[in-house]
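Peer 1: I grabbed these lines from Swiss-Prot:
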{"type": "BINDING", "residues": "His563, His567, Cys677, His681", "note": "Zn(2+) binding site"}
{"type": "REGION", "residues": "848-868", "note": "region 'Disordered'"}
Amino acid sequence: MPSLNDVRSTFLNYFERNGHRVVESSPLVPRNDPTLMFTNSGMVQFKNLFTGVETRDYKRATTAQKCVRAGGKHNDLDNVGYTARHHTFFEMLGNFSFGDYFKDGAIPFAWELLTKDFGIPKDKLLVTVYHTDDEAADIWKKVAGLSDDRIIRIPTSDNFWQMGPTGPCGPCTEIFYDHGEQIWGGPPGSADEDGDRFIEIWNLVFMQNEQFEDGTMRALDMQSIDTGMGLERIGALLQGKHDNYDTDLMRGLIEASAHATSADPDGPGKVHHRVIADHLRSTSFLIADGVMPSNEGRGYVLRRIMRRAMRHAHMLGAKDPVMHRLVPALVREMGAAYPELGRAQALIEETLKLEETRFKQTLDRGLRLLDDELAKLPEGANLPGEAAFKLYDTYGFPLDLTQDALREKGRAVDTAGFDSAMAEQKAKARAAWAGSGETKDAAIWFDIAEEHGATEFLGYDTEISEGQVLALVQDGAAVEEAGEGQQVQIVVNQTPFYGEAGGQVGDTGLIKTETGAARVTDTKKTGGVFIHIAEVTLGTIQRGQGAQLSVDHDRRSAIRANHSATHLLHEALRRALGEHVAQRGSLNAPDRLRFDFSHAKAMTPEELAQVEREVNDFIRQNSPVETRIMTPDDARALGAQALFGEKYGDEVRVVSMGELPGSGKGTGGQTYSLELCGGTHVARTGDIGMFALTSETASAAGIRRIEALTGQAAMDELRRVDGELNEIAGIVKAQAGDVVSKVRALADERKALANEVAQLKRQLAMGGGSEDKPREINGIKLIARRVEGVSGKELGPLVDEMKSRLGSGAVVVLAEADGKATVAAGVTPDLTGRISAVELVQTATAALGGKGGGGRPDRAQGGAPSLAAADSAISAVETLIGEKA
């Protein structure tokens, strides 16, 4: 019986033998399609090849693509654990042709792999084709010998695939497996097609047409193939299982869950184990690909998946965090096929543990609230939407988590009521995913790229070059010239200006032609085209002219220093904190650098000092910064760090700097920092000058941010700090080295004096320690007085002390300090039945022109504009007491 790992290898090896390039899975966060939340099929990474925007050095490819469907259009979350074939994470096996073979190649490949390599009996297979696709039907008859009744023609969109409203499209053929008459269900296209007897195992898409906005369609110049087969589904079939969760890989994770929770894997908690096994995969792979739990976008979907799994662990009786303990089992099962799991294992475990620890208390409270709400309802009644929203709004429970909990109780949620309460949040979420709205601008840059090709970048070797103005763009439209004072975007055939990418800001400088000059204020890059954002400062700039381009040297030098420093910083962080550290963002500007990295907690002062010291050690080493061009595979083999989320071509630049002890030339030692990077760098580490950390803060959940300075900016910062230190030393009359101890002593002294002052204020307010002489009104002793310099915070203890001395009676104190007037009152316990301190305060503040005041019957406090009418306020209090029986 083949394992799922065997099935994956068999698939990839088969197509590799048949001339296909084995391409590694792309990340779960799509690189080239902002409309997708997660990669959900094998063709996503090849989209630009199918549309002709991009070309590569192969025309046949095969992949095992990791996919997530949870959120957005493709959302399997609610059904996971309850059905045999729903998953949030799955692997899509696929083979692809980009203008190479077509139907007559794809169908024979599929049939041979299924019936020979996988050994599936031919009589167990049947297919569907689009109802007008006679070509595919004829090939199936010829290659597989299928009779007409086993080639089912489908007239619906189930067998016609479209990339979108416009673009490549075409018919498809789907291959089904017949589980036999003992399983209920009918063939595709029949009334009983939703049964489980006939299961789709492979879909072959024939991209042969292009759809236009007006509904017309034409044949594509380049016909392509896109196929997809779920590994879990074909693996279950080959292992003789009817349920994906019974396959070896999923069973291993289920048993790990059972061991961690001490719960029978096949007992009453079976569904819980299935949910945990599935969600462990999706959460771990998402974290490995750089997604961290948050309250918006992809991070929010990740958090929902994590919390759903954690609730099911809770239902199994788990009292402590469980999910992080299952990660080693996942790495054992899938780490060989996906090495990123092993590299990110520590980060995955720590993230899961922190999230589960935080959510545990929320979960307990929320489930108690849910039980309380259900107890109020008639037997079997659905939960009101307002209650479900309260769970979400107050306790962080997504709707699907509430629905999942209710599902086990045979209940549901009034979703209409919930939707009404959530309308505003959903509107914001839809707006966030609606797209950038830059279609017009994107079209012009696409046209320029089509006409002129990519801009050649010369900036690695020079800051000055000549070029030709290929295009001028204003307000999203091409123009022939731009005049003095106008803003314009300039495209040239070659440039020394670096276009913003990889955290490095774009260059600034000058572009001159024979008729004018323009000041470049920024440089961007899109689709290989460098866009110089400029203002014409002299004459005119015209399309087709020759141009002299010069980068601002001083600014570029500062950017280079900061960018090289981030490489040293990245490696220093990995060595100080662990290999889970990975870059999650950066800013390399001329005046500062910022570096975001994966780490779940704040760095200690000792760790920060270690990192800063190590970076400066390698700056002082003054080792050469070297750049080599190689394939991505060769770079990874050398151990080069890749920038998260960056798309790399067939060749990459690998930047190395720093030499570990004993690694000088000819000694066979190791390079300190080795990264894939397209940015510009210093020639030697010593050119950075020096490095000074200025802050370390949280950037997002599980993401820390370091800000730092280099070179002259770092020196200026140290001088500023040193100057302030010397100034403080002069003020406190101490040597610079003794400032800390001196300031600490002064702080202690100030605290002691403040306590003395507070005590003296209380004594003064009480008459300098002499016995207070209360006035008796209606049998109630009253002390009412005005005091100065006593703050509202100090009034409470003062009133309590005066009450204590009084024994029985009431106290009213009017105080003014720092421009704020406050009234405080107290009543001894034996009199609170006759008069309340709240009444006294409200009466006094009203006389002072204020409103309200509150507290307890024995002590209350309120504010007033001023004490100008203090005498009237005291009289009002006396009158109130006189009226009390």
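Cβ atoms here come from the backbone N, Cα and C positions, even for glycine.
Burial and contacts for the listed features, if you can.
Peer 2: A coil conformation is recorded for Cys677 (Zn(2+) binding site) in the three-state DSSP classification, outside any helix or strand.
If you look at the region 'Disordered' (848-868), the same-chain residues 6 or more away from its ends with a CB under 8 A from one of its CBs are 786, 792, 795-796, 799-800, 814-816, 820-829, 832, 836-838, 840-842.
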Peer 1: Taking the center of the Cβ atoms of His563, His567, Cys677, His681 at the recorded Zn(2+) site, which other residues in this chain have a Cβ no more than 8 Å from that point?
Peer 2: Arg560, Ser564, Thr566, Asn588, Val625, Val655, Met657, Glu675, Gly679, Thr680
Peer 1: Ten-angstrom check, please: count other Cβ atoms within 10 Å of the Cβ of Cys677 (Zn(2+) binding site), all chains counted.
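Peer 2: Around the Cβ of Cys677 (Zn(2+) binding site), 25 other Cβ atoms lie within 10 Å.
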Peer 1: Within its own chain, what residues at least 6 apart in sequence put their Cβ under 8 Å from the Cβ of His567 (Zn(2+) binding site), listed in sequence order?
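Peer 2: Listed in sequence order, they are Val655, Met657, Ser673, Glu675, Cys677, His681.
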Peer 1: Show which residues of the chain containing His563 (Zn(2+) binding site), separated from it by at least 6 in sequence, have their CB under 8 Å from its CB.
Peer 2: Gly503, Gln504, Asn588, Leu593, Cys677, Gly679, Thr680, His681
Peer 1: Provide the number of Cβ atoms within 10 Å of the Cβ of His681 (Zn(2+) binding site), excluding the reference atom itself.
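Peer 2: There are 26 of them.
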